[in-house]
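Just below is one structure, and these are the notes that go with it.
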């Protein structure tokens, strides 16, 4: 059941020398960034949505004048120089207000009304969460006075067992809609209780600024709780980034440390920091055995748990035997009856990328063969005719493809099952070859400009295909990555992470981490221990 990286032609050709040099420089940069606590810092950059909500909150409360000025400047500058998606532009314009702001042209969205901007922002978002996102985004715009509140039953704001911050967000939006439409009586005590963690001092609850800001805006409508906002707003103002904006989340330290540790452990001579990195992650497991995306996040998820599990198993399986077993137990507890895995809660929709990740993470345990086979079958069943898969927490198509290819090729199979998996992997790899840009890279979608992160994901998949031919898709992709390396050894990339989906957010450290993981896969030799990520 090993899932060893497949050696490629890059290990023996002249271009391989450049690739190895590139890998070495990048690895040194990543190692140098690991802190004394064993974690790789991964702060999140400012985003327009949270910055606008923070500005709205501080303005309404007449608090933190310096932070208000900084947020205003950040929003005006960003709308003028680097406008995001139409929805976020509409939110920012609603908060900034004034004829002058509304009259400025903001990219192609400058003349859109809020409703049109919402439609444009969700255009092409084909996902099982699309209905809820439309409700969320429309309610945000309505609460800011940009459009009317959606005419939906109040139950539409209720959530089944979901991630903790989504529960808070939907309760906050319900309160805002109820008070905005003159129906405060529909707000129940349990709705208010769900918002109270937002009043805790210090970092945002669950490191999620979006959830806290929505909750604080809602708590303004509570005579009982509004007086407590003053102290909290000081902490909110203290979380602004150097550019004056507010990030979506505090960071992704657990996620990036696990992925970086996995990449470093694939190198011919793993650096000494790998063991402290594994130790640091093992200490941060949650009571349910899983892991969240950042230190201090109590909500575990399949994505982070899979990365941590694979890294711990490869770097220090005996040393962290308990953590490995508990992570496996967490994953198995979330497995759905259809054989797939959701991101956060059993019973919610299974996702391709999460299912493929779980299959790869569990594949090293022979006692989990049945669950792994079911997960791989789920992946095969849900492949699209063009060879792609539904996107998940990444906006680019290559992310789901690389995770699926690793699952499809990482577990031994026989007979028709083996042929079925091979066909699925071939279709996925053929799609990558057919959609590669002329510069050797890939973008978020076909024909979009190439970027290092999207290309790195594709390289991981291609490295698992048949032995690469010189000058083929893999060699061209590696040449693209070599050429895009900065003098400091690092990378800058268009962000691909989305949350709430499909809104992009930027964690710059991810570019270095995933390019290193790609280069490690592309230059690896067979290893009896195996590694599937």
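Using the three backbone atoms N, Cα and C, a Cβ is placed for every residue, glycine included.
Sequence annotations record features per position, and here Swiss-Prot assigns active site, proton donor to 303 based on a curator's inference. Under DSSP, residue 303 (active site, proton donor) is assigned to a helix (H, G or I) in the three-state scheme. The Cβ of residue 303 (active site, proton donor) has 255, 293, 343, 353, 354, 357, 393 as same-chain neighbours under 8 Å, each 6 or more residues away in sequence.
Neighbours of residue 165 ((2E,6E)-farnesyl diphosphate binding site), defined as other CB atoms within 10 A of its CB across all chains, total 26. Residues or ranges marked as (2E,6E)-farnesyl diphosphate binding site in Swiss-Prot: 132, 133, 163, 165, 501.
As annotated by Swiss-Prot, Mg(2+) 2 binding site applies to 169, with the evidence given as experimental evidence. Counting every protein chain shown, the Cβ of residue 169 (Mg(2+) 2 binding site) has 29 other Cβ atoms within 10 Å.
Annotation source Swiss-Prot lists Mg(2+) 1 binding site at 169, citing experimental evidence.
Same-chain residues lying 6 or more positions outside the repeat 'PFTB 1' (274-316) and placing a CB less than 8 Å from one of its CB atoms are 34, 37-40, 163-165, 203, 206-207, 249-255, 257-262, 264-266, 323-324, 326-331, 333-334, 341-344, 353-354, 357-358, 360-361, 364, 393, 529, 531-533. Positions annotated as repeat 'PFTB 1' by Swiss-Prot, on the basis of sequence analysis: 274-316.
Summarised by DSSP class, the composition of the repeat 'PFTB 2' (324-366) is 23 helix, 2 strand, 18 coil. Annotation comment: Swiss-Prot describes 324-366 as repeat 'PFTB 2'.
Residues or ranges marked as repeat 'PFTB 3' in Swiss-Prot: 372-415. Non-local neighbours of the repeat 'PFTB 3' (372-415) in the same chain are 1-3, 6, 126-127, 303, 335, 338-341, 343, 350-360, 362-363, 421-422, 424-425, 427-432, 435, 442-446, 453-455, 457-458, 460-461, 464-465, 496-499, 501-502, 504, 530, 532-533; each lies 6+ residues outside the stretch with a CB under 8 Å from one of its CB atoms.
Tertiary proximity for the repeat 'PFTB 4' (425-466) is limited to same-chain residues at least six positions away from its ends with a CB under 8 Å from its CB atoms, namely 5-6, 8, 383, 386-389, 394-399, 401-402, 404-406, 408-409, 472-474, 476-481, 484, 491-496, 510-511, 514-515, 517-519, 521-522, 524. Residues annotated as repeat 'PFTB 4' in Swiss-Prot: 425-466.
Along the repeat 'PFTB 5' (474-517), the predicted structure has mean pLDDT 97. The annotation repeat 'PFTB 5' is assigned in Swiss-Prot to 474-517 on the grounds of sequence analysis.
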Neighbour tally for residue 132 ((2E,6E)-farnesyl diphosphate binding site), based on other Cβ positions within 10 Å of its Cβ: 19
Most distant Cα pair in Å, residues 132, 133, 163, 165, 501 binding (2E,6E)-farnesyl diphosphate: 15
C-beta crowding around residue 133 ((2E,6E)-farnesyl diphosphate binding site), within 10 angstroms: 19
Nonlocal residues around residue 163 ((2E,6E)-farnesyl diphosphate binding site), in sequence order (Cβ under 8 Å, 6 or more apart): 299, 301, 343, 344, 345
